[in-house]
Amino acid sequence: MSTILIAIIALAVLAAIFGAILGFASIRFKVEADPIVDQIDAILPQTQCGQCGYPGCRPYAEAIANGDNINKCPPGGQATIEKLADLMGVEPEESAHDLDSKVPTVAFIHEDMCIGCTKCIQACPVDAIVGGTKAVHTVIKDECTGCDLCVAPCPTDCIEMIPVETTTDSWKWQLNAIPVVNITDAASDAANVKDSIK
């Protein structure tokens, strides 16, 4: 047998042995995740902005499962608080952040002042800033969550948080406040009223 064939067989046997060991270890030492943490994490907006005081949505979900307040997520707003309250079986709380008076904002980079240091790119938790080293950076407006984590690291202060223009696309439609009436029920109610008058 040639040495190349022996080497290939030896590598295949070693790969099979190590694969079996890894397969056994993954079954034997499997760590079960808490299903409530997964459910909470699915409700959170996944912006990873850190405004709640945790480094991301998953650590905040774990903290909520361990009894932390459900009202610390500004990007999620009151709707997320209500969903979390429903899931956890508690009363919805007011947001820990003043959501009503806070105007939604997005980052804006004054490109004539940008030196391309990439510090804002590294700070952005949602990858809403694009640009290369020593090149002008810009913000993808639709991706920006307005967390303002990119403002502090900028050495030239070229990043500004500007209010989001309200358009029909960005307006928060309060469709739940509009009463929905089933037409067939309304028609039968009207017929019953007409019959009772006769």
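Cβ coordinates are placed from backbone N, Cα and C, and glycine is handled just like the others.
The shown structure was predicted, so the numbers you read here are calculated from the model rather than taken from an experiment.
What Swiss-Prot records for 1-26 is region 'Hydrophobic', and it gives sequence analysis as the kind of evidence. On the 0 to 100 pLDDT scale, the model's mean across the region 'Hydrophobic' (1-26) is 93.
According to Swiss-Prot, the domain '4Fe-4S' annotation covers 32-90.
The Cβ neighbour count for C57 ([4Fe-4S] cluster 1 binding site), using a 10 Å radius over every protein chain in view, is 24. If you look up Swiss-Prot, you'll see C49, C52, C57, C73 marked as [4Fe-4S] cluster 1 binding site, on the strength of sequence analysis.
The domain '4Fe-4S ferredoxin-type 1' feature in Swiss-Prot is assigned to 105-134; the stated evidence is sequence analysis. Here the domain '4Fe-4S ferredoxin-type 1' (105-134) is broken down by DSSP into helix, strand and coil counts: 5 helix, 7 strand, 18 coil.
Annotation for C114 ([4Fe-4S] cluster 2 binding site): same-chain Cβ neighbours under 8 Å, separated by at least 6 residues, are G131, V136, H137, T156, C158. Among the features that Swiss-Prot reports, [4Fe-4S] cluster 2 binding site is placed at C114, C117, C120, C154, with the record citing sequence analysis.
Reduced to three states, the DSSP call for C144 ([4Fe-4S] cluster 3 binding site) is coil. Within its own chain, C144 ([4Fe-4S] cluster 3 binding site) has V106, A107, V126, A128 as residues 6 or more apart in sequence whose C-beta sits under 8 angstroms from its own. As annotated by Swiss-Prot, [4Fe-4S] cluster 3 binding site applies to C124, C144, C147, C150, with the evidence given as sequence analysis.
Feature annotation from Swiss-Prot assigns domain '4Fe-4S ferredoxin-type 2' to 135-164. Per DSSP, the domain '4Fe-4S ferredoxin-type 2' (135-164) is made up of 0 helix, 7 strand, 23 coil.
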What else in the chain is close to the region 'Hydrophobic' (1-26), if you only count residues 6 or more beyond its ends and a Cβ gap under 8 Å? none
Taking the Cβ of C124 ([4Fe-4S] cluster 3 binding site) as the centre, how many other Cβ atoms fall within a 10 Å radius? 24
Nearest to C57 ([4Fe-4S] cluster 1 binding site) by C-alpha distance, among the binding-site residues C117, C124, C150, is C124
List the other residues in this chain whose Cβ sits within 8 Å of the Cβ centroid of the [4Fe-4S] cluster 1 site residues C49, C52, C57, C73, in sequence order. L44, P45, T47, Q48, G50, Q51, Y54, G56, Y60, K72, P74, P75, G76
Among the binding-site residues listed as C120, C124, C154, the Cα nearest the Cα of C52 ([4Fe-4S] cluster 1 binding site) belongs to C124
